[in-house]
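**Q** Below you will find the structure I want to go over with you.
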Amino acid sequence: MSSLRTDDDTWDIATSVGSTAVMVAAARAGETERDDALIRDPYAKILVAGAGTGVWETVLDSEFAAKIENLDPEAAAIFAHMGNYQAVRTHFFDAYYREAADAGIRQIVILASGLDSRAYRLDWPAGTTVYEIDQPKVLEYKSATLREHGIEPVAQRREVPVDLRFDWPTALHDAGFDASLPTAWLAEGLLMYLPAEAQDRLFELVTELSAPGSRIAVETAGVAATDRREAMRERFKKFADQLNLSSALDIQELVYDDPDRADVAEWLDAHGWRARGVHALDEMRRLDRLVELPDDPDRAAFSTFVTAQRL
């Protein structure tokens, strides 16, 4: 059970769950600077720089990795692994959306979109509409910041400012969503912030709204062993002050580590979808982005990338 969450909590881009979107965007910004980048997000740095978290802007420093290496080489390996994970995850779901577009799907829904910039940076076919669902202040920050820099979406982008714990299907319909058309859904970086029951309800609603031929891609919620989680927390504390990261939220305090959470692929297979999964570590290995860690990671602590098609 999360210790910092309540049933009706809200946030903006610099607080609570909202700040995790800045963390992820910082990882995309770092990846974009690499010569061998798996993805290119030219807008991530802009979104991080203006967020005002006072924390993740630090990661934009080109010397950040070297500073960690000097303080704690093993921690540097962990940070490199985390950055590679974000790059591989983004790469996987970018490919998912390109395949959906190639299949003729023109209705896109991004659940808890955060600072996702796909509406702006992917080469969407004409006639594509991207619906982004998230907290009102998060959506407002993203669109306003990019607009200030003269950046406009490639696809038709429609904001759906609503909490996924409330009546988001009505808000989605009000924004123009057509349930009779095939949809490509995305739940990336979301499930760990939902209780197990809310996860089931989310997929029930998505299924109700999905015409035959619809697709969904999901990042599952990994479950880290308690001792490993505590060890990581203590290691982070050792150098956080020296890197201006001491005010960073403890992400583990925001997630719901529910042991009875349904297996996503099994749930989808049982409810009218045909699903398959790729474990994150296997995908990282395939793309030559698997970093050797000081402790052999438990596969259960890492996500599986699930894709499915509505029958």
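Cβ atoms here come from the backbone N, Cα and C positions, even for glycine.
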**Q** Which residue of Asp134, Asp174, Asp178 does Swiss-Prot report at the same S-adenosyl-L-methionine site as Asp163, Leu164?
**A** Asp134
**Q** What is the set of residues, excluding Asp134, Asp163, Leu164, whose C-beta falls within 8 angstroms of the centroid of the C-beta atoms at the S-adenosyl-L-methionine site?
**A** Leu111, Ala112, Ile133, Gln135, Val162, Arg165, Phe166, Trp168
**Q** Determine the most Cβ-crowded residue among the binding-site residues Asp134, Asp163, using a 10 Å radius around each Cβ and all protein chains in the structure.
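**A** Within the set of binding-site residues, the most crowded position is Asp134.
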**Q** Using a Cβ-Cβ cut-off under 8 angstroms and a sequence gap of six or more, which residues of the chain neighbour Leu164 (S-adenosyl-L-methionine binding site)?
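**A** In sequence order, the residues whose Cβ lies under 8 Å from that of Leu164 (S-adenosyl-L-methionine binding site) (at least 6 apart) are Leu111, Ala112, Ile133, Leu190, Leu194, Ala198, Leu202.
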